[in-house]
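Per TrEMBL, the features are as follows:
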BINDING   ARG112, 135-138, 201-203, GLN207, 254-257, ARG437, 448-449  substrate binding site
BINDING   GLU131, LYS292, 351-360, TYR362, 385-388, GLU412, LYS439, ASP445  ATP binding site
BINDING   GLU131, ASN133, GLU355  Mg(2+) binding site
DOMAIN    191-289  domain 'Glutathione synthase substrate-binding'
Amino acid sequence: AVREAAAVAVDAALLAGVLMRTGEQPNASDVVNYAPFTLLPSAVPRALFEQAYAVQQDFNLLVDAVSQNKEFLEQTLASTIKVDDFTARLFRIYMQVLEEGLAQTVFLGINRSDYMFDCGLDGTAALRQIEINTIAASFGGLTSRTADVHRLVLKVLGKTEEASQLLPNNPAKGLALGIAKAWELYGSQRAVVMFLVEEVQRNIFDQRCVENELWNRNIRVVRKRFRDVFEQGSLDASRRLYMDGQEVAVVYYREGYVPQIYNEQNWAARLLLERSRAVKCPDIATQLAGTKKVQQELSRPGTLEKLLPGHPAAIARIRATFAGLYSLDEGEEGDRIAATAIADPDRFVLKPQREGGGNNLYGEELREVLEKIKDSPERTSYILMDKIKPQPALNYLLRAHSPLQVSECISELGIFGVYVRQGQELVLNQAAGHLLRTKAIEHADGGVAAGVAVLDTPYLV
């Protein structure tokens, strides 16, 4: 029955457009395969799922507040930018743009807050935030199509009643709604939306889902890389951005979060974009708001109260999702935390200021790195976080050219958030859908794009 269901599932995924380009030909769509996914939807506690949705608008508010607070970003990142060149370069552009005066008046945030379900000693599960992604949060498109596949699989297995319980989910539409709103407020019918994309575009179909939603609203979309911006981009006297003579209203980043892609001309392109009047998603302040160091600082007592005055209920909802987060800044507190982690590395995760999955350190590796950098300023480029211990469950992970076998798995739930601010007025603030990713327990770290996790659908229990 499982074998038969798996064959049906793969065909259903291809039919539904749950697709990725292949590793061999990452820039060609003439040979594609299905994006990896679970055979069965995974059980998710309903109360925790609802809690994650209920706090998303609060996180949107918080990210937006952080992005507007120069003093907070300066203080929080002061130690990090001394030792982390990438964050330092971003920060320099941020300061340069502020000194010049912002040309941008409409701000668009698309983020994804990721959680795991921490299993306590008494067996009760709690929602714990892993991180918030403020740039290039992916898989809103493909996950919009995954639930239909799981619905069919459950029917094939004779679970019609269970199939009807799966929730509708369309982040692609929610993300496009935010981009369309920002485009409209920019105020030029002829202007285009520019997707800033990678050189290697394996995950193009995920982006196309959002793109097509915009075309359906008669909003023109162009796809450009950093090098295209360097070669073709220009600003007019009022800092409107032009690409190839076309005015750009919104720049939606699906690239720009890893240091490796930046050479000098890409940094120059990034500065040009940031100086422009176009709505950047995210602008550089919002990208900095998503750093691990900011995440750790937000968990300090009193910080949320400073950033969100007059929002005690929102603060309580946000704080209820925090895992233990610890600073490795130089000084007594950092020394003590480093020593604790070296003595008991399995309690913690060591996180650098990076996005994109596959960067965190665990166990023996964590101990080795901390031993090496414990007395050097380099340690301030990391933060420590309590290791979350979810309850594993059995599932089949369907991957091209892989045998069908049952695995012990853990899942991570992401909630997409979208907000648009014009001047000081928040004109849109909502949760835009969810993403469940599941991986075998032997993989400590990594997402779908990193080839570790697979797409999944929550089955609420």
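Just so it is clear, glycine is given a Cβ too, placed from its N, Cα and C backbone atoms.
Automatic prediction, not curation, is the source of TrEMBL annotations.
Geometry remark: LYS439 (ATP binding site) versus ARG112 (substrate binding site), CA distance 18 Å. Counting only residues at least six positions away in the same chain, the Cβ atoms of ILE132, ASN133, ALA137, GLY140, GLY414, ILE415, PHE416, GLY417, LEU435 sit under 8 Å from the Cβ of ARG112 (substrate binding site).
A distance of 20 Å separates the Cα atom of PRO352 (ATP binding site) from that of SER138 (substrate binding site). Neighbours of GLU131 (ATP binding site), defined as other CB atoms within 10 A of its CB across all chains, total 19. When the Cα atoms are compared, LYS387 (ATP binding site) and SER138 (substrate binding site) turn out to be 24 Å apart. Summed and averaged per residue, pLDDT over the domain 'Glutathione synthase substrate-binding' (191-289) gives 97. For the binding-site residues ARG202, LYS387, LYS439, the ranking by surrounding Cβ atoms (within 10 Å, all protein chains) places LYS439 first. Secondary structure of the domain 'Glutathione synthase substrate-binding' (191-289) per DSSP (helix as H, G, I; strand as E, B; remaining residues coil): 41 helix, 26 strand, 32 coil. Distances between the Cα of TYR362 (ATP binding site) and those of the binding-site residues SER138, ARG202, GLN207, TYR257 are shortest for TYR257. With all protein chains in the displayed structure included, the most crowded Cβ environment within 10 Å among the binding-site residues TYR257, TYR362 is that of TYR257.
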